[in-house]
Each structure stands twice: as structure tokens, then as C-alpha cells.
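Colleague: According to TrEMBL, the domain 'Response regulatory' annotation covers B:9-123, B:147-261. For B:Asp57, B:Asp195, the entry in TrEMBL reads 4-aspartylphosphate.
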Amino acid sequence: MSGSGPDIRSRHGGEIRDGGVRMTWRKMLPLFAAVLAVAAIGVLAFLVRKTQTVDNALHLERLKNIRTVDALDVGLNRAVTQVGVSTMVNVADKRAVTTAQLGNALDALENGPAALRGLSPEIDTALDRFLDTIESKFELAFDFEARNILVNQRLIAGLDAVPVAADELVARLGADKAEPARALATQLKTEVTTYGVVQTPVNEDNIRALLEQFEALAAGGPEATQEALHRLRARVNDVIADKNELVRRISDFLARPTAEHLEELEKAYMGWHGQQVAIANEYRLLLAAYAAVLLLVLAWLGIRLRRSYRLLDRANAELARANEHLEEQVQARTRDLSETLKRLQESQAQLIQSEKMASLGQMVAGVAHEINTPLGYARSNAEIVRNALAEIRGLVAAQTRALQLMTSENASDEEVAQALTAAHGIAESIDAEQLTTELDTLLADADHGLQQIAELVASLKDFSRVDRSRTDLFNVNDGIESALKICHNQLKHRIEVIKAYGQLPPIECSPSQLNQVFLNLITNAAQAIADTGRIYIHTAADAEGVTIRILDTGCGMTEEVRARIFEPFFTTKPVGKGTGLGLSIVYRIVEDHGGRIEVRSAPGKGSEFKIRLPLRQNRAGTAAAASGPAVDAALAAA
Amino acid sequence: MSQHPPKARVLFVDDEPRVLTTMRMLFRNQYDVLTADSGQAALELLKTQAVDVIVSDQRMPGMTGIEMLRAARELNPAAMRILLTGYSDLNAIIGSINEGEIFRFINKPWSNDDLTATVARAVAAARASAAAAQAGDGSAPIGPPPGVLVLDDDPQVPARIQTILGADFRVVAARSMEEAVNLLEKERIGVIISDTRVADSPVLGLISTLKQHHPELVSVILTERADAGTAIELINQGQIYRFITKPIHDSQCKITVSSALRQHHRLAQSPELHQRYEVAAPKAQPAAAESPQAKLMDRIRTLRTVVKRWV
């Protein structure tokens with residue numbers, strides 16, 4: 001029984017350890033789930049942000065900026081072109097306005113939230129090229145503007161001079177040639193004016209042909225005619241040269257490839273944008289996949305939840321069903337349990353009985369030894385005395401014979417002397433005087449031995465109290481004394497018993513049961529003392545009852561042992577040496593008497609048992625004390 | 001004591017002085033009676049003078065009878081040892097057999113006749129063996145050692161003992177007393193190891209008869225049915241040399257058998273020692289000669305010549 005103690009403890013300890021692991025796991029689980037959820041949300045946020053990198057508003061603004069620049073560029077071209085054909089001041093002003101607007105628009109490309117600068121190296125390169133081009137275009141515009149007024153005025157002057165020179169030539173050519181010359185002059189004037197006014201004149205060949213015709217008309221003419229022709233030619237050439245310069249400058253200006261470069265810039269930007277959109281699309285795809293996975297997880301959790309709900313429902317249903325049958329089950333179980341209890345009670349009664357018999361046997365064996373020694377010498381002494389008596393009888397016979405002879409008148413002196421000598425010889429040989437003294441000693445010893453035996457038997461009777469009623473008024477001190485006598489042979493020579501008995505009133509109790517308690521506690525105390533030691537027994541009384549304390553200087557016990565000491569079958573003795581029932585019976589007897597038993601112990605120092613018993617039994621208590629069938633049966637058997 | 005003093009010396013040890021008085025009265029005519037009221041006092045006394053017989057109580061304060069007898073065996077090996085006890089537990093009895101090598105147990109209360117007869121036998125044995133005891137162990141055994149007969153119901157026990165003892169020893173097995181006697185007729189046996197009961201009959205009769213007729217045979221009891229009464233009968237009527245309990249412990253078994261074989265050799269060499277191991281006659285009269293038990297005993301008696309030849 002004692003062997004199972006550590007097993008239970010270690011098993012218990014194991015559960016605690018396992019429980020600890022499970023507990024931390026349980027505690028960790030929500031934390032783990034939270035971390036998982038945060039991570040999932042983080043991934044979601046990341047993906048959403050990645051899909052949001054393409055800002056459509058910004059993209060449109062950038063495109064608008066590019067279009068604005070394009071429009072302004074076209075506007076500038078138109079303005080410059082207009083300047084080319086008009087000298088009106090407001091046209092120049094308009095160009096300045098356009099230039100300023102273009103500057104702002106370019107700035108918007110360079111800086112600001114919708115800037116193109118810095119988006120990608122390709123865009124930067126295209127932007128730089130475009131800016132270089134437009135800058136050179138601005139320079140051309142300034143040059144053109146500066147030259148334009150001068151050249152334009154010169155051109156206007158030239159245009160004004162050509163009709164004059166033509167009319168002079170016509171006049172010089174004379175009347176015969178006046179008709180064709182006038183026609184030529186008119187044609188020439190028209191052509192030249194056209195040349196000067198048209199934005200990009202294409203009639204230079206016509207002018208050259210008209211001049212050739214004039215030359216042909218004037219061929220062979222006088223010097224003055226030739227000179228007039230020459231002047232006309234010079235004027236016309238001036239007009240053509242000026243006009244050509246203007247046209248060249250404008251076309252130079254217009255030829256700056258701003259539109260192409262802007263287009264390239266836009267293409268580069270569109271390329272970049274397309275890339276961004278592609279990346280965003282990739283992330284969008286990822287996001288969709290991720291969302292799908294999350295949905296799957298959610299679905300799985302949902303299914304699990306549903307399944308556990310279903311299990312719960314089923315368990316609930318089973319519980320409900322079980323509840324319906326509970327009543328029957330309880331009844332069946334109660335029947336089983338009461339049968340088991342009955343069997344247990346029977347076997348417990350048997351065990352208690354055998355414990356009683358075992359301790360009784362031990363007690364009897366001890367008492368037998370106690371009795372056998374005085375019995376041994378008393379019997380032996382009796383035998384010796386009987387043998388000695390034979391010798392004494394011989395002496396008495398001899399002496400009687402001598403006496404008879406002495407008093408007899410028939411006897412001769414010789415016979416008397418012989419008889420006296422014989423009697424004397426016998427007395428000498430047996431040393432009658434010493435013998436009788438010795439016989440006295442032997443008989444006294446035998447007496448003492450018999451007295452001892454009588455006392456032992458009386459103490460057995462006292463202890464068992466079979467000749468008394470079951471409940472009686474009883475002095476506890478007497479019970480302790482009789483228990484001490486019974487276990488005297490366990491204590492003698494080895495253990496000093498120090499008694500401090502108080503004045504006790506007799507208490508109502510079952511004396512034989514209490515004697516059993518005292519014997520058990522004293523025996524236990526003696527067994528706890530390995531070699532030599534002391535047992536202190538104190539008794540005291542107060543208004544409610546009596547207190548008995550039994551202390552020993554034995555080995556004591558650990559807290560584990562102390563806690564279990566009153567359990568049935570708990571024993572620290574080796575297998576076969578004790579049933580482990582002794583103290584549980586002690587406990588029951590004290591409880592049955594309405595008393596209390598407490599134990600204190602220090603390993604290596606000793607133990608103290610303290611019993612508190614009431615003066616009077618209440619009815620229930622008395623009934624219980626009287627109804628310990630096994631205990632009483634065992635004691636009755638003693 | 002080797003000078004053959006007129007009276008043998010007997011030491012009585014008991015913590016009850018009245019017992020000592022009785023003993024003095026009972027024996028003073030025949031012997032020189034010494035008394036001691038404790039084990040320590042007895043040992044002090046033995047240091048100064050040798051005795052022929054020690055009769056001791058078992059339960060005494062300070063030192064038990066067995067402890068005293070074990071120490072006395074060292075101090076005075078020739079003295080015969082008798083334990084007088086009212087109540088002994090089994091361990092004490094086994095201890096007295098194995099460590100005290102005692103001659104008899106006597107129960108309290110004793111009968112004067114039995115006690116005087118037992119003390120007289122002990123004194124005679126002590127006197128007879130005095131010379132041999134002084135001569136010591138004698139010569140070393142010559143030739144192969146005699147066999148060890150194992151008498152046990154369990155066929156594993158002889159094998160186990162052979163394993164423990166090793167090849168130097170010859171172990172023969174018997175599962176019944178008849179088999180044992182057959183083997184004793186054929187083989188040279190020095191030691192018998194036996195359980196207390198074989199084939200449901202007690203071996204006490206066999207052991208006792210063997211000891212009566214072949215005192216040089218040494219018996220060792222190996223049993224798990226340890227019982228105080230049986231042990232006392234085995235020592236008083238069978239003079240068993242050792243009493244060991246199962247399960248078998250290798251070293252204990254080996255030491256016991258070696259020591260038993262030495263004892264056998266000693267007894268075979270010095271027949272005058274035999275009286276020291278003389279057995280008491282069983283209380284019950286032997287059964288009629290027709291019974292198988294009696295026939296067996298007759299065969300054992302006739303073994304004498306055979307054994308003598310081997311010795």
C-alpha cells in the first residue's frame with residue numbers, strides 16, 4: 001500500500017506538467033492567431049498599395065501638361081508665323097504671352113506634383129532633349145523677332161520701290177513697246193507683291209521670267225533703259241532676298257523638332273506609364289489570388305465552425321437523451337454501488353477482524369514470553385523442592401526411627417547409636433539447615449513467579465474487559481496502565497516510559513476499545529524507537545473532557561506519511577509486517593466516541609498523538625461506539 | 001578444561017536472577033555452575049575462563065542471546081551452545097543456526113529432566129571433542145571434493161546451484177527422498193542441500209536419521225517455507241548446519257556450500273567430533289517397519305558401511 005504512494009504522486013505531477021504545456025499552448029493560440037491576422041492584413045495592405053501606385057488623375061494631368069505644351073508650341077509657331085506676315089504689335093504681344101505660358105507649362109513638366117522629371121531615366125533623357133530643343137527655338141524666336149522689323153520694313157520699302165522702278169522702265173522703253181511693257185510691269189508688280197505678301201512664295205521663277213521678258217524688251221535699248229532695267233532688277237532682287245530671309249528664318253524656327261521631341265517625351269512617358277500599369281496589374285492579379293486564398297481560409301474556418309456546431313448539437317442531443325435516461329442510470333449505478341459497498345464493508349470487516357487477530361497473536365506471543373519465564377522457574381523450583389522433599393523425608397524417616405529406638409525399651413544401645421549415626425549422616429549429607437533455607441528461597445521465587453503470572457493474567461483481563469459492559473464509566477489512566485502492562489515486554493530494557501497522569505474523572509466510553517487505542521499507539525511509539533528512547537504519556541482533564549498525549553523520541557515521519565497515517569491499509573512497515581489498519585481503527589474508535597485525534601511529527605525527532613475525548617457520549621455517539629461489530633467481536637474473542 | 005577437571009563447567013546466562021538461582025540449584029551437584037545476568041557479563045567471564053557448555057536466554061537487555069553466543073563462539077569455540085527461550089522470532093532462530101551454530105533450542109518453560117539430559121549430552125560432547133577441537137582443522141582435503149546432493153521439488157534449483165558453485169563442485173539432484181537415498185548409496189556425498197518438504201513430506205526424518213547414522217554428512221536447508229517450529233525441530237533433531245532462505249543469493253549459497261564441505265571434511269577426519277552434532281531423538285515414535293518411510297530409514301542405516309568405505 002505504501003508503495004503506491006509515490007506512484008500516485010508522480011502520476012499527478014506528470015499531469016501538472018502536461019497541463020502546463022497545454023496551458024501555455026492554449027494561451028499562445030490566440031496570440032498566434034492575432035499575429036497571423038495582422039500579417040494577413042499587412043500583406044493585403046501592401047498589395048492594395050502596390051495596385052494603387054498608378055495615379056490616374058496624375059497621369060491625366062501629366063498628359064494634359066504635355067498637350068498644353070504641345071498646344072502652346074503650336075500657338076507659338078502660329079504667332080511667329082503671323083509675326084512673319086504682319087507687323088502688328090499685338091501679334092508680338094500675343095507671342096510674348098504664349099511664351100510666358102509655355103514657360104509655365106514647361107515648368108510644370110519639370111517640377112510640381114505632376115512633373116515628369118525623375119520618373120525614369122528614359123523620360124529624363126527625352127525631357128532634356130525636348131527642353132534643349134525648345135530653348136534653341138526660343139533663341140531663334142528672339143533672333144527672328146529682332147531681325148523681323150528691320151527686314152520687314154526693308155521688304156515693304158522694296159515692295160514700294162518695285163512698281164516705281166517698273167513704271168520707270170516702262171516709260172524708258174518707249175511707246176512701241178509700251179503695250180507689252182505695261183502688261184509685263186503689271187504682271188511683275190502683281191508677282192512681286194504676291195511674293196512679298198504670300199507666306200511662302202513660290203513664284204520667284206515667274207518673276208525671273210518676267211524680268212527676262214523685260215530684258216528682252218530692253219535689249220538693244222539705250223543706256224538709260226538699261227539702267228532702269230538694272231534698277232528694277234536690283235529692287236526685285238532686294239524684295240526676293242528680304243522675303244527669302246524672312247521665309248528662311250520662319251522656316252528655321254518652325255523646323256525646330258519640338259513637336260517630334262515632345263512626342264518622344266510623351267512616348268517615353270507613356271512607355272513608363274504602361275510599365276507601371278503592367279506592374280500594378282501584376283499586383284492586382286496577386287491581390288486577386290491572395291483574396292481568393294483568404295476567402296478559402298475563411299470558408300474552411302466556416303466549415304470547421306459549422307462542423308463543431310454540428311458536433312455540439314449532436315452532443316447536446318446526446319446529453320438531452322442521456323438526461324432522459326439519467327434517472328434509470330442513477331438507479332442502476334446506485335444499486336451497483338450499494339452492492340459494492342456491501343461487499344467492501346464485508347471485506348473490510350474481515351480485514352479488521354484479521355488485523356485484530358494478528359495484533360492479538362502478537363500480543364499473546366509477547367505475553368506468552370512474559371509468562372513463560374516465571375512459569376519456567378516456578379515449575380522448575382517446584383520440581384527441585386519435590387526432589388529435596390524426598391531427601392528430607394529420608395532424613396525425617398531416619399530421625400524418626402532413631403527417636404523410636406531411643407524411646408523403645410527393646411532397643412539395644414548399639415541399635416540406637418547406629419540409627420542416630422545414620423540420621424546424622426543423612427543430615428550431614430543433605431546439609432538440612434542450608435537446604436531448608438534454599439528451599440525457602442526457591443519457594444519464595446516460585447511464589448514471586450506465580451504472582452507475576454497472576455498479574456499478567458489480570459492485566460490481560462483488565463485490558464480485554466470481557467467481564468465488563470460495553471459502555472461504562474472508565475478512568476482513562478487505568479486503561480493506559482493496562483495497555484502498558486500488555487506491551488511491557490516490547491518496552492522493557494529499551495524504552496523509558498515517563499508518565500504524567502492528571503486527575504481524571506471517569507468518562508463514558510467503551511473501555512475495551514479505548515484500551516485497544518492506547519495499546520496501538522504505545523506499540524507504534526515503541527516501534528518508532530529503533531534502539532532506546534522515551535515515551536511520554538500525559539493525561540489531563542477539563543470541563544468538557546479529557547486529553548491524552550502520547551509522545552515518543554522515535555524516528556518521526558515525513559509530512560506525506562503524516563497526512564496519510566489514518567488511511568486504511570497505509571503502512572510504512574515492510575510487506576507482511578503490518579496490515580496498515582491499526583491507526584485507521586484507532587481513528588474510527590476515537591471518532592465513534594465523539595473524540596478527536598491529532599498527530600504532529602518531526603522526522604528524526606519523534607511524534608505526538610493527541611486524543612481528545614468527551615466526558616459523556618451523546619446518543620448517536622454511544623450507539624456508534626456500541627455498534628463497532630468487528631472491533632467488539634475481535635476483543636470479545638480475546 | 002583439557003586437564004579433565006572433576007566437574008564440567010556450565011555457564012547460564014539470563015536476565016532474570018530467579019532463573020539463575022534455579023539453575024544453580026538444579027546443576028550444582030553435577031557441574032561447576034557459573035552464571036551471568038547479561039550477555040556482556042557472560043562474555044567478560046568467558047574471556048577469563050573456558051566453559052564446556054553455555055545455556056543462554058534469547059531476550060535480554062543490551063545483547064540478545066544469539067549475539068552473545070556468536071561472540072562466545074569466537075572466544076570459546078569448544079563450548080557447546082544451547083538457547084533457552086520463551087518466544088523467538090524466525091529471524092532469531094535462523095541467526096542462531098547460521099551464526100551461533102547452536103546445539104539445541106530449549107523452550108521455556110522447560111522440563112528439568114529434558115534440560116538436565118540435554119546439558120549432560122552437551123557436556124559429554126564437549127569433553128569428547130576437546131582434544132579434536134584443540135587439534136584444529138587437521139589435514140587439507142585430499143582428492144576431488146565429495147558431491148553436493150540437492151533435494152528439491154523444483155528441478156531448476158540443482159541447475160542453479162551447479163551454476164553458482166561452478167565446475168569444481170559436483171552437484172547431483174534428487175526430487176524425492178527415495179532418489180536421494182539411491183544417490184547416497186551410489187555417490188560419495190558430503191553435503192545435502194534440501195528443502196524442508198519434498199514431494200509433500202517433511203525431510204526432518206531423513207535428515208535426522210542421516211545425522212544419527214552418518215554424522216559426517218552435513219545438511220543445509222534451503223527453503224522459502226521458513227517456519228520457526230520447523231527450524232527448531234531441524235536443529236534439535238537434525239543438527240542442520242545452515243538454514244538459508246530462497247530466493248538463492250549467489251555469494252551466500254557459495255559461501256555456505258564451501259563452509260559445509262569443510263565441515264564435512266572436519267567431521268570425516270575427526271570422528272570424536274561427531275558427538276557435538278548428536279541429534280535428539282524425535283518425540284514421536286517411528287512408524288511400523290513396513291511403512292515406506294521406515295524402509296527408507298533402514299536403508300539409510302545400512303549406508304553406514306558404504307560411507308565408511310568412501311571416507
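The backbone N, Cα and C atoms fix where each Cβ goes, glycine too.
Automatic prediction, not curation, is the source of TrEMBL annotations.
Could you give the neighbours, burial and distances for every feature on this list?
Modeller: The number of other CB atoms found within 10 A of the CB of B:Asp57 (4-aspartylphosphate), across every protein chain shown, is 25.
According to DSSP, B:Asp195 (4-aspartylphosphate) is assigned to coil rather than to any helix or strand. Taking Cβ-Cβ distances under 8 Å and a sequence gap of 6 or more within the same chain, the neighbours of B:Asp195 (4-aspartylphosphate) are B:Leu151, B:Asp152, B:Asp153, B:Val203, B:Ile221, B:Leu222, B:Thr223, B:Arg225.
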Colleague: Across the domain 'Response regulatory' (B:147-261), what are the DSSP residue counts per state (helix, strand, coil)?
Modeller: 53 helix, 29 strand, 33 coil
